[in-house]
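Accompanying notes for the structure given below.
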């Protein structure tokens with residue numbers, strides 16, 4: 001399942017630390033309540049569904065489950081949810097005429113247990129079949145089987161589809177709804193003739209096994225391979241498709257389904273998807289197992305996409321590319337999501353997790369390969385360079401004491417959905433990337449080949465992965481200090497990550513001391529967690545960044561380790577963690593930071609681009625954390641005036657955004673704005689608004705960073721040009737802005753409060769059915785500074801007649817929160833007042849957590865904390881587990897921001913005054929001009 005879910009659940013990565021004994025007892029109690037008893041298991045399901053999208057309340061179904069008792073039993077416990085059980089029969093192969101069913105109970109709590117009691121004991125290992133007739137409710141939150149709609153020629157068209165991961169197959173049919181309890185599935189869907197496109201995981205059968213039913217067309221599908229319940233999928237619609245039958249790149253039938261009239265937007269998915277499948281098959285040395293691949297784009301979908309085996313379902317914006325409308329970023333995201341889901345065909349489908357405790361075995365590998373395997377077929381996208389930026393971002397959520405580790409026991413449905421978070425995705429993917437480099441890429445690949453072949457169609461635990469990787473390592477000449485299982489168990493069962501502090505043992509020595517400790521945002525907290533940390537380095541006298549295998553290991557058993565670095569005595573500077581392949585931060589002695597600033601400002605291209613990004617990111621975050629003086633971070637940042645590569649700018653941008661937030665309202669804020677305008681001036685001239693011939697694929701991202709800083713912080717040329725572009729578009733619809741700068745152009749044109757511009761863009765939103773364009777407009781509309789229009793926009797979240805789909809409504813709040821400090825405060829008041837109305841009107845499970853997590857990144861003061869207190873007082877009784885975790889994250893971040901201001905605001909102000917305040921020489925701003933810029937910014941923003 002792609003990361004639109006986990007991005008909204010970053011807060012759910014946080015938990016309440018318990019003692020070992022408390023944790024163990026709690027887990028035992030939860031397991032007893034929620035985990036199915038290991039007294040029987042399924043081998044085969046025969047599911048019949050009667051689905052009419054025109055009837056939106058419920059559907060009828062029946063299922064026959066062939067089971068094997070492990071012991072003699074007199075009751076069978078499975079899962080069922082949100083359904084009425086009409087009849088149950090239990091029969092054996094030995095005597096199929098004897099019905100052993102006595103009675104049943106269906107739990108009304110979130111255990112969702114259906115307990116079937118029998119008239120007598122049934123014997124261990126004797127196959128039996130459970131027959132159940134039921135009526136199930138369509139899900140109203142897009143988790144389960146649900147009805148979606150779209151507009152076509154002025155009329156509303158219905159379709160039915162599904163999202164069963166992680167615990168919602170039980171809403172489609174009674175089943176053993178745990179990932180390890182795999183079986184073969186036979187599916188038959190009866191649908192009205194008006195719905196011609198009916199799909200499931202396998203192709204339709206050529207023979208007929210089931211009777212016809214009046215008023216329905218029967219669609220019988222071939223039996224699946226052994227698979228988990230959560231991978232079953234359905235689509236009943238009028239969709240059309242394009243396919244690879246005429247010119248196949250990939251030898252298996254490959255189709256892309258979408259709304260009628262959108263088939264031209266599916267061409268990229270068809271081409272890229274096939275190319276990527278070939279690359280993954282070659283890498284894994286294991287063929288895709290199913291006889292077809294369908295990709296379907298549906299208008300309403302809870303996740304970004306879902307890897308159902310043979311029928312992968314996507315949100316439209318995650319699959320369809322419309323030339324001239326889809327941005328470079330969205331197109332890249334579509335490629336990455338396609339690769340993510342393709343990867344799951346091996347990591348998740350072919351080899352699945354033993355339980356959702358090991359969600360990272362699915363999502364961590366999918367996160368890694370969505371970048372690594374996209375790089376195979378689109379190297380110009382620089383996905384593995386961009387991966388480092390994503391890793392730096394996840395450091396933020398992984399730097400709190402309460403964060404859960406990769407392997408984290410979960411039992412309840414809410415706990416399980418909470419595992420689909422930044423830890424399971426981006427952190428796990430980052431640790432896997434580190435694993436690849438410390439094993440070396442080819443040995444790592446060989447280990448994965450062994451893993452997939454050894455565990456095909458089975459349920460795996462991390463230990464199974466480690467055994468396979470160890471075998472590949474043992475068959476090579478490469479050595480590491482401890483077994484894979486020892487090293488990886490530390491990384492997967494401990495939350496957080498280390499910071500290494502490296503300093504020379506003596507001025508002329510050829511060695512360094514390296515100390516590790518857990519990196520925590522709140523330094524008043526402590527942790528004894530330690531790791532086996534692979535390290536490598538570059539010194540100024542021997543600049544080689546290409547070999548990323550370990551040159552040494554920092555062991556968890558020693559507080560500090562002396563590491564020999566030959567040639568260091570003759571080196572001006574040194575860098576640890578080549579290409580930032582290790583999942584950790586690095587701090588240095590002050591002399592080395594000064595030397596790094598010097599080399600960056602004199603000849604930055606000597607240093608690998610990923611290490612330039614690492615140095616910038618580490619420096620600002622270590623300064624934020626009180627481990628480094630801000631002067632050192634700012635001196636390093638000066639080199640960015642000369643930096644023409646996107647990646648270091650992408651690393652710097654979050655630090656600049658953080659300082660923008662915490663300095664807002666401070667005496668130094670206008671100096672800070674001038675510092676950024678000065679820093680970005682060369683790239684503003686170089687990039688401008690217009691695309692140039694031969695630009696890199698990632699240049700649009702770079703342009704957006706530079707233009708955003710300049711338009712937001714008062715560069716009149718930037719603001720005027722943005723307004724000119726929008727006005728030209730208003731005058732002539734054929735002069736549509738370049739999609740890559742549309743959000744920036746629209747947002748900049750709204751900041752002045754122009755009502756006409758807002759209404760123009762809102763009417764654009766109402767008039768488009770393209771999901772990419774809708775996303776751009778939703779992101780921009782929150783930028784308005786007009787109070788009446790902003791309130792109108794926020795109220796679209798709770799307006800039952802709003803044109804904004806529920807799955808997108810959280811974007812309204814996110815847009816307003818991110819627009820400006822004023823917008824954030826208005827949005828905070830709105831959420832405090834209306835949380836009980838927002839919660840049922842945004843996407844279930846993720847909408848409100850997405851909003852709260854956006855606040856977590858922006859709330860900084862004690863006044864904000866008081867508002868959160870009010871939110872809790874008024875609405876705590878309806879908070880979900882994810883919402884509670886997000887509130888905890890908000891409080892922690894506010895406390896950290898207050899502490900930052902107390903410790904660092906004066907330091908930052910002094911540096912800015914010394915370097916950008918009057919009178920400080922050639923680079924300084926005169927007092928009069930500073931006043932003018934301050935006045936203009938104030939007028940423009942208000």
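Glycine residues also receive a Cβ, built from the backbone N, Cα and C atoms like all the rest.
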Item checked: Further binder of Zn(2+) named by Swiss-Prot next to 340, 344, taken from the candidates 323, 363 -> 363
Checklist line | Listed as N-linked glycosylation site by Swiss-Prot, one of 601, 818 | finding: 601
Check: Going by C-alpha distance, which of the recorded positions 341, 425, 711, 718 is nearest to residue 783 (disulfide bond)?
Finding: 711
Check: If you count Cβ atoms within 10 Å of each one, which of the disulfide-bonded residues 718, 747, 783 comes out on top?
Finding: 783
Note to self: Which one is it, among the recorded positions 425, 711, 718, that lies nearest to residue 747 (disulfide bond) by Cα separation?
What the structure shows: 711
Item checked: Cα proximity to residue 341 (active site, proton acceptor), best match among recorded positions 425, 711, 718 -> 425
Next item on the list: Round to a whole number and give the Cα-to-Cα distance in Å for the pair residue 425 (site 'Transition state stabilizer') and residue 718 (disulfide bond).
Entry: 37
Next item on the list: Starting from the Cβ of residue 711 (disulfide bond), draw a 10 Å sphere and report how many other Cβ atoms land inside it.
Entry: 25
